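The annotation transmembrane segment is assigned in TrEMBL to 32-50, 131-149, 161-183, 203-230, 242-264, 297-315, 322-339, 345-366.
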Amino acid sequence: MLGTVIGPRVRPLTPLGRVEALGRPFRALRPGPALIGLVLLALALVWSGVGTQRFDEVKQARAAEIVKKRAAGRKGDLALYQRINDRVAKGEAYHTVALDEQRNNHYPTRPFVTVRMPTLAWSSLLLGTTGWKWLGLGLLAATALAWAAQLRRLAAAPERLAAMALTVAAGWQATLPMIGLKHDVVAGLLLSLGFALYRPNRWWPAWIAVLLAVLVRELALPFVLVWAVMALAGRRWGEFRAVLLLLAVCVAAIALHASAVHGAQLPNDPRSPGWTEMQGLPLVWGSFADVTPLKNGPAWLAGPIALLALVGWAGIGGRTGLFALLWFGGMSIAVALFARSNTFYWVLLMLPGYFIGLALAPRALADWVQAALGHRPTRHGTLIGA
């Protein structure tokens, strides 16, 4: 029985401990299942390319919708948030201003999640555009360096350098002057930073980063749920209690925001059209192409690259790989099921961390092919617990 020796007794491994003990999981595959898996992966890569190419039609429809709305006086999200910030800077109350601007510019104000949390608007009072520009650059640099450190025990130097480069490329929007108006970009950076900062014996920096992410964008809350599941699976009770506290603080903040929004709503305020389009994974991959440098390449390329990034995360194994699969895979499914074509920016919550998996994909594919050929290593590799 797998376990750790403590005195004369053997303590069984936790569910997470069993995952960590497996090491690089593709190495443990038997030749038959590994070969079948490779065939299915090849088919999935082809299908994802076709699906992403078809997403171009959705993107063109979205562009036509934007032109129509701007002709009707709606000038776009960033212009809306800037007007809100300007009025808050003059002393007006955030929620009153936000609902007034959204109402007057044909944006829905119902349900409460259609109104952004006030965190960025309030922080702009202190930082301004220039301060946010430097903070965005600092967050991007910190995230790249944090991932280089996180992967020190898990990846070779070339892979770590590639991970840093991919972090900068996928997080390029952090360099834009208006970063302080981009809620999903900021929240995604903070989540990727929190993921990288986590250590089993020093999780409080990640706790702070994730809290800030949820205070910026409530859609980051599922990240906390994944963390709670991981802490529970590892039977890390002190960490689990801290994550429950984090969850409680986040829910309380969202509840206060909801109460303030409800207090400023009017009976005839416009309602959101809902989130039930169920456009599938091509929306996810096409959205990745829309918000990353992939937009400069052929449309069909985004799907296969996104799938290979997940393969890279799966191949690294351990807590890091499992957490990545649960978060990135779960969020991708949520976007596929609930996002509309004009809420493509939800995928920004996964960036830049998602595409770090590309740096790990060659090693993962090599392990997979070796397993299919029946070349099983004598050891499963380094235990991955970070």
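Yeah, the Cβs are placed from backbone N, Cα and C, and that goes for glycine too.
Note: TrEMBL annotation is automatic and uncurated.
The stretch with the most CB contacts under 8 Å to the transmembrane segment (203-230), chosen from 32-50, 131-149, 242-264, 345-366, is 242-264. Segment contact holds for the transmembrane segment (131-149) and the transmembrane segment (345-366), given three or more CB pairs below 8 angstroms at sequence separation of 6 or more.
Comparison of 32-50, 242-264, 322-339, 345-366 by number of C-beta pairs under 8 angstroms to the transmembrane segment (161-183) places 345-366 first.
Of the recorded ranges 32-50, 242-264, 297-315, 345-366, the transmembrane segment (322-339) has the largest number of C-beta contacts under 8 angstroms with 345-366.
The stretch in closest packing with the transmembrane segment (32-50), judged by the count of Cβ pairs under 8 Å and taken from 242-264, 297-315, 345-366, is 297-315.
Cβ atoms under 8 Å from those of the transmembrane segment (345-366) belong to residues 24, 26, 140, 143, 147, 155, 159-160, 162-163, 166-171, 173, 182, 184-185, 187-189, 191-192, 195-196, 217, 219-220, 284, 287-288, 291-292, 305-306, 308-316, 324, 327-328, 331-332, 334-335, 339 of the same chain, restricted to positions at least 6 beyond its ends.
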